[in-house]
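Feature list (source: TrEMBL):
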type	residues	note
DOMAIN	10-222	domain 'Sugar phosphate transporter'
TRANSMEM	20-41	transmembrane segment
TRANSMEM	48-66	transmembrane segment
TRANSMEM	72-92	transmembrane segment
TRANSMEM	112-129	transmembrane segment
TRANSMEM	149-168	transmembrane segment
TRANSMEM	180-201	transmembrane segment
TRANSMEM	207-226	transmembrane segment
REGION	236-260	region 'Disordered'
COMPBIAS	251-260	compositional bias 'Basic and acidic residues'
Amino acid sequence: ALSTSLDIGLSNWSFLYVTVSLYTMTKSSAILFILLFSLLFKLEEMRVTLLLVVLLIAGGLFMFTYKSTQFNAQGFVLVLCASFLGGIRWTLTQILMQKAELGLQNPIDIMFHLQPLMFLGLFPLFAVFEGLPLSISEKLFRFHEAGMLFSLVGKLFLGGILAFGLGFSEFLLVSRTSSLTLSIAGIFKEICILFLATHLLGDHLSLLNWLGFAVCLSGISLHVVLKAMNSKGDKALEPHKEASSDPDLELLLRHPEHAE
């Protein structure tokens, strides 16, 4: 819960200093941290294909955003720390949700236990950095028009619903697959953000940026193909496992002379 709250808090804080493109480029390093912690906690096995997928996606995202933003050291450090915490966050989440004895496979259950602790983890930072400015702000407490207050509350309510839906879908995906798959699936969201930034904020993409986009998509496609091949292999082994689990069949296989 603490790593989740700090990941979200530092990510939002960094937008005060960096642009969307720089944020996306730096946050893409989260997939490397997730791979690192997945290997440390033995959730993933080191494979050449897995390493190739991660390098393709991370390298493609870096090329996709290369020289498209202004660099800010403070914002860069905030996003990098958020990426590191994101690696811890999703690795631990996978461990919690995939342990049957804990009974946290349902996304609602994990959110019920995590959200209050996330609030407690972020509240001290909120009180120190935003408490006093917000308490004297005309947007929430010293408002002069009811319409402005209702508009702000409505935006907060809509943002809360979207955040709940995002969290629910992320936890559901982790419970069924893995934290690494979640990170790779989230790359599509990052690409959409970059496209929106290009069209709405006027960012320009060079030939190198488009090449990085193609490399990133190739990494995502490779991961999807490998996952499909592994799932087919697992399904093909299931009938053999079920057959071998039959004790009568095992006796016949071990002692064929008695069967005669």
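We count from 1, first residue shown onward.
Using N, Cα and C of the backbone, Cβ positions are placed for all residues, glycine too.
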Here the stretch out of 20-41, 48-66, 112-129, 180-201 with the most C-beta pairs under 8 Å to the transmembrane segment (207-226) is 48-66
State, in range form, which of 20-41, 48-66, 112-129 has the highest count of Cβ pairs under 8 Å to the transmembrane segment (72-92).
-> 20-41
